Amino acid sequence: MLLLERRPVDSSLMRWTSPLLALVLTVTTGFVLFLSMGKDPMDGLKFFFITPISDLMGLAELGLKMAPLLLCAAGLTVCYRAKLWNIGAEGHFLMGALGASIMAVWLVDADGFWVLPVVLLAGTLAGMLWAAVASGLKTHLHCNEILTTIMLNYIALNLLLYVVHGPLKDPYGFGFPQSVMFADSALLPALIPGTRLHLGLAFGLLAAVLVWVLFARSFIGFQLNVVGQDHRAAAFAGFGARRLTWFAFLVGGATAGLAGASEVTGPIGQLVPQVSPGYGYTAIIVVFLGRMHALGIVVASALLALTFIGGEMLQIAMNMPKAVTGLFQGLLLFYLLICDAFIHYRIRLKWPSRQTTIAAKTVTGDA
Amino acid sequence: MELLTNVLAATVVAGTPLLLVALGELICERSGVLNLGQEGMMLMGAVAGFVAALTSGSLVVGVAAAILAGIGMSLLFAFMAVSLAANQYAAGLALTIFGTGLSAFLGAGFVGQSIDGFTRVAIPFLSDIPVLGRVLFDQDPLVYLSLMAFAGVAIFLRQTRGGLLLRAVGEDPEAANANGLNVLVLRYLAVAFGGGMAGLAGAYLSLAYTPLWTENMTAGRGWIALALVVFATWRPERVVLGAYLFGAASILHLVLQGLGWKSSTELLAMLPYVVTILMLVLLSWNPGRTRLNTPLSLGQPYRPGR
């Protein structure tokens, strides 16, 4: 009989192999899925994982999708380390895009090196503002942050739709819901000339480095860890939970807001209704998959960026629905959590003798 | 009067999916399990119900498929959160993300198709009552089903032995276990009931409310239902009131447009979400009330024989 038994000590080996195991399980499931749809599974996996990044253009696209994921994930890591379940990166992201767009449209005739920083700052502040709402609701009114951040995501989306259909709509845009194109001075410079890859990826990598510094070298990072692992111990040590909550949320809002600002000033160049294909939600998977560790989220964000362009590739090459991206992401997170259970537990193969059966029954209450 | 009746009737229709999913989550939470995967289960119910109804030509088959899809999804959650004692927050979130992805994938070929959804069936005599007759007794069959589900849940929790056992497990699993209850089995059943109800709620959206399938058509209703259960302090009657209150908030823009108000659809579409936050704020006025009513073991995994 298979028994699930608590390990005396959590397995650190399992902690790091669990994401790999989850990936293997996801790919295996994908293999079966392709077979069941009557497609060649090897072709499918090749088009999903390899073809999209087989040239420089593809790698640049990967970096392009990686940037928002990594930025959002860096902020969420700070929150999740302190066990603050901020699901609001999507909302912060949209508000960042909105804030930056309003500033960029306002400065559309301006020229100068200062325009871009001002536009990015507007986006960052808008993201922070949105996170501050959730933070205030949590620290002062004790509202559950999962529910408030989800609701704020929907409100942010509707706010963005309102602005893009209303005040910011380009009057000469043939009725399309979109803003005017931003001035060149408000656009992010390309990292690799000739590709769409822009400075946003550098912001993302910088954010990951800062997350590493925060948790490896700073007192506030230590406090966040303690609050997350043992709330009471943190209270005894006199760490202000309220202050830390504000810190984590504002960091989360700032990074996701900057991600949104980088998206409209980078590849898009104007405000459109579909700014995000769900980066803020996917970033949650990045954080879990990356083990809430700076290096981990860099690798995980690259993998999940690949699911976006891999999904597009499958749509073009094999006529699969684009939703395969979401399916892949969902499967990955799902398998990850199952594998994660074996950090704390192990499976024992046991053939219980009669006596232990009785004992086990009394304990589990089957009798 | 005519307008008021129509508005109230539309309120009930808009509140029904919330009522269904919230009743299921209520039972689930009363057993001590917090399932944040409502949105994912609803979406799976919506897509399964729509596809089954479209291919079989029968709405009843669609509803059955939706319920089964919801139960199937909830069992995945139960395996993670109950059997493997995983973090319930993370497991529920994973279920929502997985359900969103899977439903979009399965439904991709069915976007843009439509079916003849459920239509109103007036109950003889009762529907002749002024106002109330039209509002409650001249609706589609799923509305009646939701009202019966409400009565069933209320009676089950208060009047039956099963309800008592369920509450015992939710309040103190150790003591329930010591008294010979199988905590894990009861929790599995409660989670599965929640899944079935969420699937049914999804089917209401894709077979009655707007008889078609679009990605993410639940639009956060699963999350609103979670807030609703807390706001209702885990009591069925208050869940009904709350669900209809939200129904009213979500159709307000139609009413205002009917009255000739010119206002942005997008701004008014925010209303249900804003109301949810306001509701959570209202709760904070009296945190003791929420704390006293919360099932004690809510959110904590239970491992027998620790």
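Glycine too: its Cβ is placed from the backbone N, Cα and C atoms.
No curator has checked TrEMBL annotations; they are predicted automatically.
Summarising the annotation, TrEMBL assigns transmembrane segment to B:6-28, B:40-57, B:63-82, B:89-111, B:141-157, B:185-205, B:217-234, B:241-261, B:267-285.
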Beyond a gap of at least 6 residues from its ends, the CB atoms lying under 8 Å from the transmembrane segment (B:141-157) belong to 12-13, 16, 19-20, 23, 26-27, 30, 63, 118, 121, 123, 163, 166-167, 197, 200, 203-204, 207-208, 236-237, 239-240
Per the Cβ under 8 Å criterion, with at least 6 residues separating them from its ends, the transmembrane segment (B:267-285) contacts 220, 223-224, 227-228, 230-231, 242, 245-246, 249-250, 252-253, 256
Inset, instruction - Given the cut-off of 8 Å on Cβ pairs that are 6 or more apart in sequence, determine whether the transmembrane segment (B:241-261) and the transmembrane segment (B:40-57) share at least 3 such pairs. - result: no
Top stretch by Cβ pairs under 8 Å to the transmembrane segment (B:6-28) (candidates B:40-57, B:89-111, B:217-234) is B:217-234
Sequence-distant residues near the transmembrane segment (B:40-57) by C-beta distance (under 8 Å, 6 or more away from its ends) are 17, 21, 63-70, 72-74, 95-100, 102-103, 106-107, 110, 113, 115, 194-195, 198-203, 205-207, 211-213, 216-218, 221-222
